[in-house]
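Accompanying notes for the structure given below.
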Amino acid sequence: MAPKKAKRRAAAEGSSNVFSMFDQTQIQEFKEAFTVIDQNRDGIIDKEDLRDTFAAMGRLNVKNEELDAMMKEASGPINFTVFLTMFGEKLKGADPEDVITGAFKVLDPEGKGTIKKQFLEELLTTQCDRFSQEEIKNMWAAFPPDVGGNVDYKNICYVITHGDAKDQE
């Protein structure tokens, strides 16, 4: 496979769910920005595209280290879907779903996909950015525990990263 085709195939692995995060107008605006940055029009933003974009904005002599750091923010080649995903994650201010799920899994050594309501509530009200009683009340309204007092953290992770509750099957 030619190197350019391999790049495109790897880039195609970006999340397609990102398109549901934005309305059509926003997607079009991101597409226009992507097109401006993709200076050589190959459908992939690379280090030279970034360098050329900075030059077009009057910022010459951008250090390679700075460009490398920008490129490393993506997991691979930056096609439009990856570009949109990166902005979606930045704008939402949330970590990717697998990172959030991984954090919950630490609290679920048996791997059941649930955490006891009482334990989660204690953590949320006593650690780091503590939840208020109002926030706890809202959380249980949105994610009610089952009859055994267990909370489905996979659903919480999905809602944090996608914005809507996952259909229960």
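Yeah, the Cβs are placed from backbone N, Cα and C, and that goes for glycine too.
These figures come from a predicted structure and were not determined experimentally.
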Test of record reading: of Thr25, Thr125, which one does Swiss-Prot tag as phosphothreonine?
Thr25
For the set Thr35, Thr114, Thr126, say which residue Swiss-Prot annotates with phosphothreonine.
Thr35
What is the set of residues, excluding Asp38, Asn40, Asp42, Asp49, whose C-beta falls within 8 angstroms of the centroid of the C-beta atoms at the Ca(2+) site?
Ile37, Gln39, Arg41, Gly43, Ile44, Ile45, Asp46, Glu48
So of all those recorded positions, Asp38, Asp42, Ser75, which one's Cα sits nearest to Thr101 (phosphothreonine)?
Ser75
Can you tell me the CA-to-CA distance separating Asp38 (Ca(2+) binding site) and Ser75 (phosphoserine), as a whole number of Å?
18
Under 8 Å Cβ-Cβ from the domain 'EF-hand 3' (131-166), and at least six residues away from its ends along the same chain, one finds 17, 20-21, 92, 94-97, 100-101, 104, 107-108, 112-118, 120-121, 124-125
Between the Cα atoms of Thr35 (phosphothreonine) and Asp49 (Ca(2+) binding site), what distance do you get, rounded to the nearest Å?
10
Chain residues in Cβ proximity to the domain 'EF-hand 2' (95-130) (below 8 Å; excluding those fewer than six residues from its ends, i.e. six or more beyond):
89, 136, 139-140, 145-146, 149-154, 156-158, 160-162
